[in-house]
Amino acid sequence: MSLIRLRPDPPSRSISRRTAAMLCCLLASLCFVYCLAERCGSPPAPRRPSGHLAGFLRWHALGGNELLRKWTGGEHHADSEADSSPTRLSPLGEGTKKLPQAIIVGVKKGGTRALLEFLRVHPDVRAAGAEPHFFDRDYDKGLRWYRELMPKTLEGQITMEKTPSYFVTREAPARIYAMSRDTKLIVVLGRVQDFLGLKRIITDKHFYFNQTKGFPCLKKAEGSSKPHCLGKTKGRTHPNIDPEVVRRLRDFYRPFNMKFYQMTGRVFGWDD
């Protein structure tokens, strides 16, 4: 009677089986991760603008569309329709470059830089740093060129720029109107935050009076090493004007002020 002795598998064959099993598990894991990444990386469906943004796009202050129509002569730019759409979303989700929804148009030496700098502190506002001068100097370069000067914004943020010389440029109102009928024009008068429909975040408690500069500065913000003040060129001493000169100036500008009061629906009391 012969006996058959069962021998265990050689070590090399056992190791090969384990290696094959591990490779199968690894491949299955890689396939799962790849499918999950494809699912998460797909762009979300486009969403309609939020109520806040949609409300902002309606020009409801300073006479809105009616006021701008009075200032325009019907001039239209050939690129206005083709260039009005925003650029594509960047791969890293940094936002899109859009044409400005609000423009500070004046007046010169009326505090436009201070207004822009303090508005930029608000998280819902993104603004071009330098003055673009598109509607008075570089209009022939087209709206695509103009849009590239703007910062990228996320949904719900406002794109802004400021060029005070637009206020004294005859062609500027019609050109802005041709770009968008919903663009808000800002002249430094007051309550700009309410005009833009911004939530009240920056208040008087965020400012302090800088004795050296002679005007208010923003207190040090979180993550910043110093307070935010305007540049060295800002701020100047106001001379004492002869009362008779002031009276003559008020008499001269009174009819223009009255017309402006009628256009805006507000009395600013400049003739008092």
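Glycine is treated like the rest: Cβ placed from N, Cα and C.
Residues 74-94 are the range that TrEMBL records as region 'Disordered', among 74-94, 221-241.
The shortest Cα-Cα distance from CYS229 (disulfide bond) to any of the binding-site residues (LYS109, GLY111, ARG113, THR237) is found for ARG113. GLY111 (3'-phosphoadenylyl sulfate binding site) sits 14 Å from CYS217 (disulfide bond), taking the CA atoms of both as reference points. Between ARG113 (3'-phosphoadenylyl sulfate binding site) and CYS217 (disulfide bond), the C-alpha separation comes to 13 Å.
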